Amino acid sequence: MENQTSNFIKDIMIKDLESGKHDKIVTRFPPEPNGYLHIGHAKSIIINFGLADEFGGKTNLRFDDTNPLKEDIEFVNSIKEDVKWLGFEWDDLFFASNYFEEMYNRAILLIKKGLAYVDDLSADEIREYRGTLTEPGKDSPFRNRSIEENLELFEQMRAGKFANGEKVLRAKIDMASPNINLRDPVIYRIAHATHHNTGDKWCIYPMYAFAHPLEDAIEGVTHSICTVEFEDQRPLYNWIVEQCEMVSQPQQIEFGRLNITNTVMSKRKLKQLVEESFVDGWDDPRMPTISGMRRRGYTPEAIRAFVRETGVSKGSGAVDSQMLEHFVREDLKLKVPRTMGVINPLKVVITNYPEGQIELLDAEINPENPEMGTRKIPFSREIYIEQDDFMEEPPKKYFRLFPGNEVRLKNAYFIKCEEVIKDADGNVVELRCTYDPETKSGTGFTGRKVKGTIHWVEAAHAVPAEFHLYEPLILDETEDQSDEGKTFLDNVNPHSLEVFQGFVEPNMKESRPHDKFQFFRHGYFNVDPKHTTVDKLVFNRIVSLKSSFKL
Ligand code: ATP
Ligand code: MG
Ligand code: MG
């Protein structure tokens, strides 16, 4: 795998190896299985797996599954698939829920040390008592329960004697700390719910802030890499590792999250788009999920190159979504065959071409990569061209077809528009053209020049195809700009998907899901794995050809 350019996390690792603090780097990627992975997670995956790999260390895939209400095995499976698809292999696969007994015992240890207590305040009261940035918090009236009473109550919590929300376990740290995270954070709550892994064994569950440092320490993680929102939690992280007397002492390091313009990147919001049917599932090609991008036609190589380019830093400005497109074009340019597809067809009859005759023309598969060879494409009296490539009354500088004008058919001949056929409503339904046999592509004809070259597909052998063209799903610049009672859903683009019925070259008939092509003038497309059937190919446009984006 590609190495990362130097960054502050890599520097810390180098220092720790040189000083002998660690002799091996151990990282983890710790998703909560409450949704599908998105491109932001790809960044975390690449940093964690990539760095450990560079130093010959190891990386665990750990499911941070401590909240039974939102987690599901469907998400566990999709996450595993996505990590592998991105090109990474985990050393060990762990579930935080397998540590519940150990976490419980560490909580008992805190109680025994006088560092945790059972609180009867409600969630609202706890929030109220916690104070603000400018005001210290107030002690709960239950803060000074005896160790014996706390042990007994906590055991009863585990035994299911109380309802959800009736009691919690809190760490006893400092209600006046300037860091609100240290004002006696809740570390266990009651949730009578079935867990995807532990079933009904537990009705109390550790909170993230308590569970995460323990998980890291149990696994011997050396560098616990997370995003900057957790910076204020670091003192609590260290307090838990220390007071729970963990042998291994992981170091939490924060980096800036990846944000991309016109892209929502929070599982909660993505879930809402799925559940409220704005999209056709987590793998909808408009989604910034790994599975959506895969279905759209993005490659792991393009995603990795993009993420590497965004770098590793503490800041989290939004990256231009065009940069992502740039990297997929770069990756596919020399790899995929070029071909012709008509998205919005208009029939053309070439009146001077012999009826019943068919000829096979030669065309290069990829002019930028001649090693890919050539292909044969049929040509005959009837073809389809793009509706957009004809105008009855063209504006100035329109060089495609119009009455009396001549254009080049890519890989074939010049044709000239002689007659326009309309239906009863005045819509153009067919063109009658003539061709000039002298102008055959590849013969070196120089007699005269035409300004436009258009693509086409021979009608009798054309393979019907459906084309899905996309625009950004979200119109706003970044997800954080929605305010004043508006939600990001107000920025959903109603025109993010357009569907067309067209045709492709016959040699594409046997295309399989995930085959990728560059269609002349239209851009890069992927054969959709979900909607393609034996009778109908469906192509998702990955990205158009042109971009103003410059690195
Ligand atoms: P979300 O806010 O989208 O739900 P999360 O952080 O809650 O994401 P987790 O499943 O907990 O999702 O994430 C697993 C790992 O991926 C965490 O270490 C998290 O910090 C990291 N991660 C999530 N989103 C991003 C992002 N946009 N950029 C970089 N890393 C991210
Ligand atoms: Mg999380
Ligand atoms: Mg989240």
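A Cβ is built for glycine as well, from the same backbone N, Cα and C atoms used for every other residue.
Bear in mind that the values here come from a model prediction, so they are computed numbers and not experimental data.
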According to TrEMBL, which of these ranges is motif ''HIGH' region': 31-41, 141-151, 284-294, 306-316? 31-41
Tell me which of 254-258, 264-268, 319-323, 419-423 corresponds to the motif ''KMSKS' region' entry in TrEMBL. 264-268
Can you name the residues of this chain that are 6 or more positions from His41 (ATP binding site) yet have a C-beta less than 8 Å from its C-beta? Phe29, Pro31, Asp82, Ile290
Rounded to the nearest angstrom, how far is the Cα of Asp64 (L-glutamine binding site) from the Cα of Thr227 (ATP binding site)? 15
Are there residues at least six beyond either end of the motif ''HIGH' region' (31-41) with Cβ under 8 Å to its Cβ atoms? List them, or say none. 63-67, 70-73, 75-76, 78-79, 82-83, 196, 257-260, 263, 265, 267-268, 270-271, 282-283, 287-293, 303, 307, 324
Tyr208 (L-glutamine binding site) versus binding-site residues Glu32, Asn34, Ile39, Lys43, Ser266 - nearest by Cα: Glu32
Long-range Cβ environment of Asn34 (ATP binding site), under 8 Å and at least 6 residues apart: Asn67, Lys70, Glu71, Asp72, Phe75, Lys267, Lys271
Asp64 (L-glutamine binding site) and Glu32 (ATP binding site), compared by Cα position, are separated in whole Å by 5
What does DSSP call Thr227 (ATP binding site) in the simple three-state scheme? strand
